[in-house]
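As structure tokens, the structure follows; a few thoughts come after it.
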Ligand SMILES: [Ca+2]
Ligand SMILES: [Ca+2]
Ligand SMILES: [Zn+2]
Ligand SMILES: [Zn+2]
């Protein structure tokens, strides 16, 4: 497998991306990335940050603020803990990336630190796990709630525990909810009384779809706490504190959570140990990308159900679920390019792409013969779009909306040193970058993970 990065003249801009999504195939997505709005270095921001750290990082609460001697120092230290947990640049300052992270909807259970298990590792000893739904949300039918909770329960199947209560209410446990968004739910670690119970903010909109917030996904997360797990800093884990949508019908418990639960309750009795999807490691030198594109000055690197987002002004390259920004986009995007003139991003999967919001289109619209099953990589450069398919490439004229005559040509004949298939292509600056990932060797410039700011 080879990477080819064709890189030419991109204008860095601070503009935030706008893309629009679709089912299957390919997609033009229109999405407003979360911004910090008017959260400048103001009093409001200070209160917001303080509140977050009190809730999730054990910053002493308001009551004791007067007793806080070096309270500024305490806040800096707690901020650093939070930044460390989320893999952000550890500055101790409430910079843009930190504020964005703090504004994401999440679980109400504190993050403490990187330990997978709740301190003291409380767990259940009983053999039969049962639960009771104490009350229901008016936003979903009783049957839908039952189904979501049952399915969430089964995510962790094969375990032992005790009677757990699921409640949608405000509920007198000294952890009040906060209205729509923010904290979605919380749960208690194994123990007497309230131990293992899970509570859901009744003011959220609960759904069984990709719309915020999918009850099954939140319940499955809370149930992990009920069993004794605490938060994981793996952004692909179910026990990651922030909410992210994942398709419920195909949901499989991620490996990080399997490791966590097995550390607590031991391996499965099944001769074949369960395995789950792993999160790609950002600086793994063997990392390959499914597709790469620029987007209004940012760069997006797609891999399975994840993507990295590289912003010119933000030193940390953020790994996210694709679904976090585009809930209806499929995983495994195969190619992507930005057409700067029309300010659109086109994404490809199999024989499909889409430039409208509603229906995916067929790649034959570009003039590909029916023998082309999928696009390996695509990039737009000076009114032309180059499509890479196996060892050949096509050139499409964006203005005439026609495939240029004389194509396909062999990749090797034009792009010397790139003889095999291309994984992903993008453009930037006036340079040409090539990576031979088959031999783990760079043919020009640098390793691919350099794009993720790895050393
Ligand atoms: Ca809430
Ligand atoms: Ca590809
Ligand atoms: Zn949680
Ligand atoms: Zn509660």
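Backbone N, Cα and C atoms are what each Cβ position is placed from, and that goes for glycine too.
Of the listed candidates (107, 454), TrEMBL assigns 107 to the same Zn(2+) 2 site as 221, 225, 231, 239. Same-site candidate for Zn(2+) 1 binding, as annotated by TrEMBL with 171, 173, 186, chosen from 51, 199: 199. Record check: TrEMBL places 336, 378 at the Ca(2+) 5 site, and the matching candidate among 145, 155, 218, 425 is 425.
Here the CA atom of residue 195 (Ca(2+) 2 binding site) lies 24 Å from the CA atom of residue 179 (Ca(2+) 3 binding site). Cβ-based neighbour count (10 Å, all protein chains) for residue 290 (Ca(2+) 4 binding site) stands at 21. Cβ-based neighbour count (10 Å, all protein chains) for residue 186 (Zn(2+) 1 binding site) stands at 19. A simple way to gauge crowding: the CB of residue 204 (Ca(2+) 3 binding site) has 24 other CB atoms within 10 angstroms, across all the protein chains here.
In the three-state DSSP scheme, residue 222 (active site) is classed as helix. Ligand 4 lies under 6 Å from the Cβ of the following binding-site residues, listed in sequence order from 171, 173, 199, 239: 171, 173, 199.
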